[in-house]
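Chemist: So TrEMBL has the following annotated:
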SIGNAL    1-23  signal peptide
DOMAIN    29-73  domain 'P-type'
DISULFID  C42-C57  disulfide bond
DISULFID  C52-C69  disulfide bond
DOMAIN    79-122  domain 'P-type'
DISULFID  C81-C107  disulfide bond
DISULFID  C91-C106  disulfide bond
DISULFID  C101-C118  disulfide bond
Amino acid sequence: MGPRDTQLLAALLVLGLCALAGAEKPSPCQCSRMSPHNRKNCGFPGITSDQCFDNGCCFDSTVGGVPWCFHPLPKQESEQCVMEVSDRRNCGYPGISPEECASRKCCFSNLIFEVPWCFFPKSVEDCHY
C-alpha cells in the first residue's frame, strides 16, 4: 500500500465517521414499539446510551438477554404509523390506494408483501424512551 492509498483510506475513514456523527436520534416510537426478541444489534459490548443514540440507534437496558443498542423501526409519515408489521390491524382491502386508505384516516405502507398495507394507527402516548 503506497502513500496515496493510505491518504485515500484515511479520507474515506474520516467521511465515514462524519456520516456516523450526523446520524439522527430515532423517535421514541421507533424504539419502544420494537419487540425485544426482534432487536438487531447496533452496538458493541459496553456501549453507552449516548454512543448508541449518536449512531442513530435505540438503547434500552431494561431487558436482559437481548441487544441493548439496536436498530430502530423504520420512520413513517406519522409517528402513529410506526409499528412492527405483526402489530398492523387491517383497515382496508387488497389493492387499496394510498388515497382511499388516507380517507379512512389509516396508515399506508406497501413496502412489505403479504401484510396489511392499509392499517390502523396507534396512539403515540405509549411511546417513551
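Cβ coordinates are placed from backbone N, Cα and C, and glycine is handled just like the others.
Give me the lay of the land around each of these features.
Modeler: With DSSP states grouped into helix (H, G, I), strand (E, B) and coil, the domain 'P-type' (29-73) comes out at 13 helix, 5 strand, 27 coil.
Taking the Cβ of C57 (disulfide bond) as reference, residues of its chain lying under 8 Å away and at least six apart in sequence are, in sequence order, A23, P26, C42, G43, C69, F70, H71, P72.
Its Cβ taken as reference, C52 (disulfide bond) is surrounded by 23 other Cβ atoms within 10 Å in the chains shown.
Across the domain 'P-type' (79-122), the prediction's mean pLDDT works out to 95.
Taking the Cβ of C81 (disulfide bond) as centre and 10 Å as the limit, one finds 20 other Cβ atoms among all the protein chains shown.
With a cut-off of 8 Å between CB atoms and residues at least 6 apart in sequence, the same chain places C91, G92, C118, F119, F120, P121 near C106 (disulfide bond), listed in sequence order.
Every protein chain shown contributes to the tally, and the Cβ of C118 (disulfide bond) ends up with 23 other Cβ atoms within 10 Å.
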Chemist: Look at each of the disulfide-bonded residues, C42, C69, C107, and point out the one with the fewest other Cβ atoms around it within 10 Å.
Modeler: C42
Chemist: Among the disulfide-bonded residues C91, C101, which residue has its Cβ surrounded by the fewest other Cβ atoms within 10 Å?
Modeler: C91
